[in-house]
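Chemist: For reference, TrEMBL lists these features for the protein:
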BINDING   His2, His37, Asp38  Zn(2+) 1 binding site
BINDING   Asp38  Zn(2+) 2 binding site
DOMAIN    1-120  domain 'PDEase'
Amino acid sequence: MHAADVAQSVNVLLRGAAKSDFCAIDLLICFFAAACHDVAHPGVTNAFRNAIRDEGSITYNDRSVNENMHCAVTYRTLQRPGCNWLENLAAEQESVIRKSVVDIVLGTDMAHHFDNLKKF
């Protein structure tokens, strides 16, 4: 449900004044990132996972553990037969989409929120 709420919020934002600022690939990236940004969320924070040294904190070296996991689950899902709806894109285009989606999802780590805001 949360992913649908976020995707709808992105839809509202992108249909507004910002609509003309995005090409079709940018829109695809935004909606894809919105849909997968919390996939398989364990219901606990990065800080908690790091404090208990769970498997994710070890795998991702205590850095944006949940967000890295969301990306990994998303792209592992795309590797399943019949699930990669990006497979017919040119390799370069698929690479651009992947990099952008990963950057966006990693950017949702609230530990970096204020640093990210300073960039604008």
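Cβ coordinates come from backbone N, Cα and C, glycine included.
Keep in mind that TrEMBL annotations are predicted by a computer and have not been checked by a curator.
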Chemist: Pick from His2, His37: which of these binding-site residues has the biggest number of other Cβ atoms within 10 Å of its Cβ?
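Modeler: Of the binding-site residues His2, His37, the highest Cβ count within 10 Å belongs to His37.
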Chemist: Let me know how many other Cβ atoms fall within 10 Å of the Cβ of Asp38 (Zn(2+) 1 binding site).
Modeler: 15
Chemist: If you run the three-state DSSP split on Asp38 (Zn(2+) 1 binding site), which class comes out?
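Modeler: Where Asp38 (Zn(2+) 1 binding site) sits, the three-state DSSP reduction gives coil.
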Chemist: For the domain 'PDEase' (1-120), what's the mean pLDDT in this predicted model?
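Modeler: Taking every residue in the domain 'PDEase' (1-120) and averaging pLDDT yields 93.
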Chemist: Counting each residue once, how many in the domain 'PDEase' (1-120) are helix, strand and coil under DSSP?
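Modeler: Residue counts in helix, strand and coil order: 83 helix, 0 strand, 37 coil.
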